[in-house]
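As recorded in TrEMBL, the features of this protein are as follows:
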type	residues	note
TRANSMEM	113-135	transmembrane segment
TRANSMEM	155-174	transmembrane segment
TRANSMEM	203-222	transmembrane segment
TRANSMEM	228-247	transmembrane segment
TRANSMEM	346-365	transmembrane segment
TRANSMEM	385-407	transmembrane segment
TRANSMEM	428-448	transmembrane segment
TRANSMEM	479-498	transmembrane segment
TRANSMEM	510-535	transmembrane segment
TRANSMEM	555-574	transmembrane segment
Amino acid sequence: MGTREEERLLLEEGPVESGNDGLYTGDGSVDIKGNPVLKSNTGNWRACPFILGTECCERLAYYGIATNLVSYLTKNLHEGNVPAARNVTTWQGTCYLTPLIGAVLADAYWGRYWTIAAFSTIYFIGMCTLTLSATVPSFKPPECVDSICPSATPAQYAIFFFGLYLIALGTGGIKPCVSSFGADQFDDTDSVERVKKGSFFNWFYFSINIGALVSSSLIVWVQDNAGWGLGFGIPALFMGIAIASFFSGTPLYRFQRPGGSPVTRMCQVVVASCRKWSLAVPSDSSLLYETPDKNSAIEGSRKLLHTDELKCLDKAATIADAELKTGDYSNPWKLCTVTQVEELKILIRMFPIWATGIVFSAVYAQMSTMFVEQGMVMDTSIGSFTIPAASLSTFDVISVIFWVPVYDKVLVPIARKLTGKERGFSELQRMGIGLFISILCMSAAAIVETRRLAIAKELGVVDDPVAVPLSIFWQIPQYFLLGAAEVFTFIGQLEFFYDQSPDAMRSLCSALSLLTTSLGNYLSSFILTVVTSITTRGGQTGWIPDNLNEGHLDYFFWLLAGLSFLNMVIYYFCAKRFKSKLAS
């Protein structure tokens with residue numbers, strides 16, 4: 001048995017031997033009937049096209065709604081800029097909060113496959129409801145006449161937001177499971193497949209952005225020029241295609257058995273620790289309770305090696321004299337295994353890294369809110385053709401599509417030679433680079449807005465809610481930088497929360513990574529509310545009035561740039577202290 005440091009390096013770098021070369025997978029995966037699966041005809045890249053196709057179509061459906069939603073709320077439901085931005089970010093935040101529901105169901109009871117299947121159906125119903133709300137005349141408010149814009153009735157709001165939040169619920173079973181389900185197709189005990197899994201996350205995010213590219217270009221154009229009924233109906237159709245693609249790959253999939261409720265296991269550790277608070281933890285960690293079997297007591301999980309941090313939790317695995325005398329170790333509310341205790345320790349260790357993703361997600365939320373509203377008061381014409389402001393997000397997608405193969409095929413091989421790591425950069429290094437790029441993104445947006453306001457002042461149109469003759473294409477750098485930041489930070493998060501999570505908690509940890517996006521959207525809404533409240537005191541117009549020409553949206557962008565810089569500094573110190581998990 002090697003030293004603790006050797007064990008850590010083994011986990012991070014991977015074994016040098018070929019791994020598991022048997023006929024069957026070595027990670028406990030099974031087929032849909034629960035039987036062991038052959039490596040030769042299941043999983044690996046042969047199963048991934050169906051999963052990537054599902055994700056591509058589902059993301060096309062999602063971004064077909066999200067990308068231009070702020071325009072629908074302002075132009076069709078006649079909301080103001082701030083209420084519309086707040087509604088968009090609140091809905092998007094909910095879309096990234098509901099994955100906690102799907103993750104618990106997947107890890108504890110249903111497994112990832114059936115969770116995706118059930119919530120996809122809810123998603124599809126929500127898409128159809130939203131299409132009806134934009135198609136049936138009585139379900140939407142009448143159009144504006146001159147400057148008079150009738151507000152939507154409570155019933156019309158109810159139908160629209162019912163469909164919108166059904167979609168939010170549907171995403172809850174898909175988002176935390178699809179990436180993990182795709183990664184499950186690669187055997188962790190096979191070093192060749194394990195390297196491929198690192199590449200899978202890159203191409204998974206690539207497929208997301210192919211769907212987003214179609215949405216931000218074609219779907220947005222249809223919504224602005226051919227009507228919102230068709231603009232919502234096409235995404236609904238693609239959601240149906242996503243469901244069909246997912247089920248088509250069933251014979252090729254590898255499945256991981258659900259390991260029971262991770263929430264219950266964490267509660268058991270806390271309760272057992274409190275019950276044994278007066279007991280002293282043995283200095284020899286081998287005296288702590290663990291099952292003698294080769295496999296963990298938790299279904300679908302490897303054993304985790306003991307770590308020295310958070311020793312107060314080790315009390316849950318400390319064997320009391322009474323238990324030693326009776327030999328009864330069956331009550332997990334009194335005695336937990338080392339693996340169960342380490343599960344909770346892992347989550348606590350990941351928390352600081354997780355928390356730093358919230359500010360980055362608040363920056364990302366600007367793409368579908370303030371970036372769009374900024375673009376709506378810029379010159380959107382090319383000759384006789386008018387570009388929808390939301391279509392500029394296409395350049396974010398193009399950036400991602402550009403950077404994913406560059407990262408996977410160019411940067412990783414170079415970094416691999418320099419660092420000796422299988423994946424080139426560590427997940428923590430990758431996320432840190434993305435946080436730095438996000439500062440540049442918000443700085444670029446602020447500089448463009450400063451120039452736009454200067455032109456408005458020069459032309460004397462500060463008091464007029466009109467577009468300024470500054471080409472919307474000046475927004476391209478901020479979108480391109482945001483796309484680069486995504487490739488580093490968001491994909492890094494996918495890898496980090498999958499690899500560092502306990503085996504039986506991978507859906508939950510994926511949901512926690514998505515929760516940063518949810519909280520980032522809520523943070524964006526909160527910052528908007530606070531900024532509006534403070535800057536409109538005493539009858540002032542504020543930073544973000546309905547007429548952006550008399551506001552200071554550039555101050556808002558600089559504020560986010562400053563918060564991003566502070567967040568990156570905190571992340572640096574958290575990442576420096578982080579210790580990877582140790583698995584048997």
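Note that Cβ sites are derived from N, Cα and C of the backbone, with glycine treated the same way.
Owing to the predicted nature of the structure, the values given are computational and were not obtained by experimental measurement.
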Stretch contact, the transmembrane segment (346-365) with the transmembrane segment (510-535), Cβ-Cβ under 8 Å, 3+ pairs: yes
Selected stretch (most C-beta pairs under 8 A with the transmembrane segment (385-407)) from 113-135, 228-247, 428-448, 479-498: 479-498
Beyond the flanks of the transmembrane segment (228-247) by at least 6 residues, Cβ under 8 Å: 50-51, 53-58, 60-62, 64-65, 68, 72, 76, 116-117, 120-121, 123-124, 127-128, 130-131, 134-135, 211, 215, 219-220, 222
